[in-house]
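Each remark here refers to the structure printed beneath this line.
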Amino acid sequence: MSAYGLQRLYIGGDYVDATSGVTFDTFDPATGELLATVQQASEADIERAVQSAREGQRAWAAMTAMQRSRILRRAVDLLRERNDELAELEMRDTGKPIAETRAVDIVTGADVIEYYAGLATAIEGQQIPLRAESFVYTRREPLGVTAGIGAWNYPIQIACWKSAPALAAGNAMIFKPSEVTPLSASKLAEIYLEAGVPAGVFNVVQGDGRVGAMLSAHPGIAKISFTGGVETGKKVMSMAGGSSLKEVTMELGGKSPLVVFEDADLDRAADIAVTANFFSAGQVCTNGTRVFVHQSVQPAFEARVIERVKRIRVGKPSDPSTNFGPLASAAQLDKVLGFIESGKREGARLVAGGARIVEGDYARGQYVQPTVFSDCRDDMKIVREEIFGPVMSILSFVDEDDVIERANDTIYGLAAGVVTENLARAHRAIHRLEAGICWINTWGESPAEMPVGGYKQSGVGRENGITTLEHYTRIKSVQVELGKYQPVF
């Protein structure tokens, strides 16, 4: 008997059975136990979701912006009231420590909805004078039906991040969570409905990449917001363009550089590096996995990193003292272990971790040791490719120009950071680093006000911040002539 039973689709304000006849199972990453059996959506189910979203969106867009704002604020209140309940569900689904899901996942999702609830009434056009008796005005209008495709590392947070600007602008959204962590998105749908969002405005369809492809190719969907891997993102963009030239926003992978200069506070630098690699067991898109350390301070920096890695508390996710849990799936565990073996084969020096954790009950879960390699080379697989697990690669440098060039030598451009006491150098380096999200003397915070997205193959467009509303509206220009019309013929 599974803990959460049979999971159905959420369409039109209620749970409905999928018509595909296909199901898949989802498991607790910490124990291997069956969590739920999930129904997979069919093409007919997607059609039903689109039609439901169209109907709901008309009612939602007909409300005033202030009405939509109040409803979204009520959803925020409900999320915060149910934080602990949702955090436990997220813990079981992702394997994250309960201390983390209580403090981060729902909290940051609610913050973003609150932020866009406040901006709903600020969506406005312009008035452009042409001459004494003629002017143009513009309107920002909703796109209609949009779709969000989530990743497995932050299920409910991503659902909030994608739906908040969409709904604030008057759109509907059909959301597909990852099949690896499918449980919490439907709870958000329940909360939206309870808060007063019309039925159909936020639908949840379950399934694997085939369902994502149906959404991407559907001509009735005006926009796709996708979070995931680069190769899948390229497929989504191709299908979106090929079907209806729909707009896409994508937050994709990263192999982000963290540069520690010789004047850095090494205790601070080590704290930042360990957080930037081992928070959420390393399953964060923006992780600073390429740690470039000035040659003169590398030994002292390594010693501090090792000291902090020893303090990491691996344990059961339900234990409030645990701050490092399992990876989200068996497939991800195998992938990470493969990268670790690659690092060993290619000659990187292993200074911490390097193996699966198999003692006692840990053998039932997807646990891997926090792993640190040093003396890495730029051509190593662990340095070039996104691992998405708890593996830090330390590389040395001696010259600022050289390290910037090496840091930028990647297909990715999601995040970057520097640690230095010299603020002039900090800004100079950051301005040269090719990344969409940058940190100076810190790492990882992504407040609602901060646009998030990447350069190069790390993404298209932005999430969060005021600019994101532009991705969920379209501009209509209207000319008004007050004077006599001058005929051409």
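Backbone N, Cα and C define each Cβ position, glycine as well.
Marked as active site, charge relay system by Swiss-Prot on the basis of sequence analysis: K162, E463. Look at Swiss-Prot and you will find E251 tagged as active site, proton acceptor, backed by sequence analysis. Look at Swiss-Prot and you will find C285 tagged as active site, nucleophile. Residues annotated as K(+) 1 binding site in Swiss-Prot: T26, D93, V180. Annotated NAD(+) binding site per Swiss-Prot: G150, A151, W152, K176, P177, S178, E179, G229, V230, E231, T232, G253, C285, E386, in sequence order. Residues or ranges marked as K(+) 2 binding site by Swiss-Prot on the basis of sequence analysis: L245, K456, G459. For C285, the entry in Swiss-Prot reads cysteine sulfenic acid (-SOH). The site 'Seems to be a necessary countercharge to the potassium cations' annotation in Swiss-Prot covers E247 and rests on sequence analysis.
Annotated features, which come from Swiss-Prot, shown on the structure.
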residue : record                           : Cβ neighbours (10 Å)
D93     : K(+) 1 binding site              : 27
G150    : NAD(+) binding site              : 26
K162    : active site, charge relay system : 27
E179    : NAD(+) binding site              : 19
V180    : K(+) 1 binding site              : 20
L245    : K(+) 2 binding site              : 10
E251    : active site, proton acceptor     : 28
C285    : active site, nucleophile         : 25
G459    : K(+) 2 binding site              : 28
E463    : active site, charge relay system : 25
Seminar exercise, completed: Cα of E179 (NAD(+) binding site) to Cα of E463 (active site, charge relay system), in Å and rounded, measures 22
Exercise. Counting every protein chain present, what is the number of Cβ atoms, excluding its own, within 10 Å of the Cβ of P177 (NAD(+) binding site)?
Worked result: 27
For this session: Do me a favour and check the Cα-Cα span between G459 (K(+) 2 binding site) and D93 (K(+) 1 binding site); whole Å is fine.
Result: 26
Exercise. Looking at the recorded positions G150, T232, L245, E247, which has the shortest Cα distance to D93 (K(+) 1 binding site)?
Worked result: G150
Exercise. Over all shown protein chains, what is the count of other CB atoms within 10 A of the CB belonging to T232 (NAD(+) binding site)?
Worked result: 20
For this session: For K162 (active site, charge relay system), find which of the recorded positions G150, T232, C285, E463 come within 10 Å, Cα to Cα.
Result: G150, E463
Exercise. According to DSSP, which of helix, strand or coil covers L245 (K(+) 2 binding site)?
Worked result: coil
For this session: For G459 (K(+) 2 binding site), name the DSSP secondary structure in the helix/strand/coil scheme.
Result: strand
Exercise. In Å, rounded, how far does the Cα of V230 (NAD(+) binding site) sit from the Cα of L245 (K(+) 2 binding site)?
Worked result: 20
Seminar exercise, completed: Reduced DSSP state (H/G/I helix, E/B strand, rest coil) at D93 (K(+) 1 binding site) is helix
Exercise. Beyond T26, D93, V180, what residues of that chain have CB atoms within 8 A of the centre of the K(+) 1 site's CB atoms?
Worked result: F27, P29, L35, A36, T94, W152, P155, S178, E179, T181, P182, L183, A328, S329
Exercise. In DSSP terms, helix, strand or coil for T26 (K(+) 1 binding site)?
Worked result: strand
Exercise. What same-chain residues, at least 6 away in sequence, bring their CB to under 8 Å of the CB of E247 (site 'Seems to be a necessary countercharge to the potassium cations')?
Worked result: L143, A222, K223, I224, A240, G461, H471
